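Quick notes on the structure that follows.
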Amino acid sequence: SAYVDYVIIFFMLAAGTNFSLHYRFLKKEFKSYIKNNEWRLLVFLIGSSTLLIGVHTFSQQYSNAGMAFRKTLFQVTSICTTTGFTTADFQQWAFSSQFILLILMFCGGCAGSTGGGIKIIRLYILIKFVIAEIRHLMHPKAVIPVRVGNVVIPRDTVRNILGFLALLTGLFIGGVIVMTILGLDLVSAFAAVAATLNNVGPGLGSVGPTDNYAHIPLIGKWVLSFFMLAGRLEVYTVLILLAPSFWKKS
């Protein structure tokens, strides 16, 4: 029912929000959500994606605008917060809608939430970093720090984020190559790696919302299982555990 869907949407958004904001809200800081840049970006991503996809679902899938909005909002929130619930076969939606959902798989929830993915705060800092670099090219002698609100982000933190994204990109590309070698089509390979690396669950193609991963060869299952662990524990943590020097006695 619509009531159940909206209740689940609310709790998916709550689970994808930094839990420190919930604590501050309970402390009667009622504007804590609105003041938080990361949460505002999360809501913007969900809202704008729902609007873009909703136009297609209303014109192609559902004759009722209310149902189109609800189904779209549910799937967008579920994938963006890496909850993994489905109430519609988005495999039947327009290709552009599926592409947006694929991008959202990488976004994830806020830092300090139950969500997987890159995390919204990393994306926010990356956006601010790109803007700062563009401004620095325009004004070479200017000192332009990367800020999140009133907090100046250290260069080491930015470098750490860039390194994390580089590792994630490398794992993603490597995973797609392995999946295609094992016989998956390109869409299924992209979606399978994205869905497991970001702990989303359902993907596209042969691993879509009405399908599963049973048909993937054994080696592929091991690779995707590693990606699920790497995505959940953060890539750096897993690579440190795999480093031989970590296990050597000092």
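Glycine is treated like the rest: Cβ placed from N, Cα and C.
TrEMBL lists 6-26 (among others) with the feature transmembrane segment.
Among the features that TrEMBL reports, transmembrane segment is placed at 38-58 (among others).
Taken from TrEMBL, the feature transmembrane segment applies to 99-118 (among others).
Annotated transmembrane segment per TrEMBL: 161-184 (among others), in sequence order.
Nonlocal intrachain contacts for the transmembrane segment (222-247), taken as residues 6+ away from its ends with a CB within less than 8 angstroms of a stretch CB, comprise 116-117, 164, 167-168, 171, 175, 178-179, 192-193, 196-199, 213, 216. Residues or ranges marked as transmembrane segment by TrEMBL: 222-247 (among others).
Here the transmembrane segment (99-118) has long-range neighbours at 15-21, 38-39, 42, 45, 49, 52-53, 75-76, 79-83, 90, 164-165, 168, 190-191, 194-195, 198-200, 203-204, 231-232, meaning same-chain residues at least 6 beyond its ends whose C-beta is under 8 angstroms from one of its own.
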